[in-house]
């Protein structure tokens with residue numbers, strides 16, 4: 001059977017949550033036993049988001065095959081079992097790159113290359129390649145309906161309906177129904193105008209997901225259905241929720257998956273939502289909390305660390321804990337402002353995530369030193385592993401000017417330097433060590449205990465590595481190199497001796513990209529466990545101190 005397509009579009013405003021909506025639909029269909037694949041088309045002209053600022057685009061999600069993609073692919077992988085590749089994320093820039101390459105080769109045989117049919121055909125071909133050996137392909141169109149940039153993609157999905165028919169294509173439109181407090185009522189006009197915009201392009205939506213902060217009444221749903229030409233049951237309340245893991249359950253309650261089955265004429269079992277219900281139950285019924293301090297360069301824009309935050313949530317839920325994140329600006333730890341160090345004193349674990357450039361590095365080193373000297377559980381990822389190595393070289397090995405050649409090309413001690421195969425390469429786009437690489441772990445290490453094996457594969461995104469000329473000296477001082485590539489070329493994991501520090505681990509790869517709510521990543525689960533143990537020790541120590549103050553001789557008899 002050929003795959004059926006669900007096309008997800010958005011209207012009124014951006015950032016309504018199309019990615020989460022698409023992922024939640026995919027999740028529900030998988031629970032019904034269907035095989036699903038997910039795809040995202042972004043209307044910007046960049047070939048990929050790899051060189052875009054985290055402040056503009058947010059996180060860059062890396063797939064096993066090394067593609068640098070939109071953060072929505074992270075939602076897709078966390079909510080479904082789809083194994084995504086570069087075929088699952090396309091941009092206008094990449095589509096045009098393909099077309100121009102073909103034109104230069106002469107593939108178009110001298111024809112005038114135009115948006116229709118050449119651009120739309122390229123888009124449709126990409127959609128069809130991602131729909132092989134699956135029951136349903138869910139395609140999200142980025143941007144907002146009405147934007148000039150999105151028009152070729154909207155036209156392409158209109159043509160897909162013409163080619164494949166109504167039984168094989170479904171249009172899901174996410175829109176906004178705002179509540180106007182002054183008037184005391186929900187307003188449907190933005191939704192009506194958004195659908196009108198879609199209709200003007202030739203698309204009649206089949207299902208409307210109405211983003212709102214309260215449940216839509218039967219009358220409101222009826223009004224939207226009447227003016228937007230959809231069935232009453234196809235007007236769905238996409239209500240704001242406190243936890244994103246509620247979204248699939250909310251959609252199921254509203255009958256979204258049932259409607260998909262009906263419109264696409266699919267036959268499948270009822271979904272088993274037990275495990276998702278358990279996750280949501282844990283979210284709202286934790287036994288305790290854990291506080292993690294994240295020392296980062298982009299902390300004012302949390303989407304820069306989307307997968308990281310979710311992986312910490314997954315690790316916390318595995319221990320039935322509520323996660324509280326303290327975002328610590330790395331540059332703040334370079335100042336004499338005591339409030340930043342006060343933040344460090346109140347966290348149960350410290351994490352330094354990935355990043356690029358010199359800004360904030362000194363603050364990260366100060367935070368890492370605090371974690372090492374005060375025995376606070378530490379987890380360094382990518383840049384966090386590199387800075388941990390630099391801090392150790394400086395403050396334990398006595399290599400005062402130790403640094404990375406990225407931050408100081410003239411440093412006498414290049415503890416971190418550019419990947420050997422990238423020396424002389426000046427282009428930034430797609431030139432890093434990307435994608436899944438094998439790693440061998442040392443038995444008995446924190447990492448090996450967490451994974452339960454000594455052979456793993458993790459995703460990478462970096463252009464600098466640990467300089468093995470310093471390995472022997474730093475190992476003698478107490479730094480353990482517990483993870484390497486199978487051939488020993490690259491250092492992948494460093495740790496402190498477990499007798500010297502309860503939990504101190506840095507990894508060159510990005511484990512957050514493989515964590516899921518139902519399958520928390522072992523390293524995040526271990527880090528949260530160590531952080532909570534540290535919290536318990538701190539609490540007991542504080543209680544003993546308070547008790548000793550209360551029982552001092554001068555207080556007795558008062």
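From the backbone N, Cα and C atoms, a Cβ is placed for every residue, glycine too.
Following the DSSP three-state reduction, the secondary structure of residue 382 (active site, nucleophile) is coil. Note on residue 382 (active site, nucleophile): other Cβ atoms within 10 Å of its Cβ, all shown chains, come to 23. The active site, nucleophile annotation in Swiss-Prot covers 382.
In sequence order, 62, 307, 354, 381, 382, 458, 459, 460, 461 constitute the residues six or more apart from residue 510 (active site) in its chain with CB-CB distances below 8 Å. The active site annotation in Swiss-Prot covers 510 (among others) and is backed by sequence analysis.
If you draw a 10 Å sphere around the CB of residue 512 (active site), it holds 27 other CB atoms from the protein chains shown. The feature active site is assigned by Swiss-Prot to 512 (among others), with sequence analysis given as support.
DSSP assigns residue 14 (CTP binding site) to coil in the three-state reduction, outside any helix or strand. Here Swiss-Prot flags 14, 147, 148, 149, 187, 188, 189, 190, 191, 192, 223 as CTP binding site, drawing on sequence analysis.
Taken residue by residue with DSSP, residue 72 (ATP binding site) is part of a helix. Residue 72 (ATP binding site) is surrounded by 25 other CB atoms, counting those within 10 A of its CB over all protein chains shown. Annotated ATP binding site per Swiss-Prot: 15, 16, 17, 18, 19, 20, 72, 239, 240, 241, in sequence order, evidence recorded as sequence analysis.
Feature annotation from Swiss-Prot assigns L-glutamine binding site to 355, 383, 384, 385, 386, 406, 463; the stated evidence is sequence analysis. Under the three-state DSSP scheme, residue 406 (L-glutamine binding site) falls in the coil class.
If you look up Swiss-Prot, you'll see 291-537 marked as domain 'Glutamine amidotransferase type-1', on the strength of sequence analysis.
The 10 Å shell around the Cβ of residue 191 (CTP binding site) contains 27 further Cβ atoms across the protein chains shown.
If you take every residue in the domain 'Glutamine amidotransferase type-1' (291-537) and average the pLDDT, you get 93.
Sequence-distant contacts of residue 384 (L-glutamine binding site), defined as residues of its own chain at least six apart whose C-beta falls under 8 angstroms from its C-beta, comprise 351, 352, 353, 354, 364, 368, 506. Distance from the CA of residue 15 (ATP binding site) to the CA of residue 463 (L-glutamine binding site) is 31 Å. Cβ neighbour density within 10 Å is lowest for 148 among the binding-site residues 148, 383.
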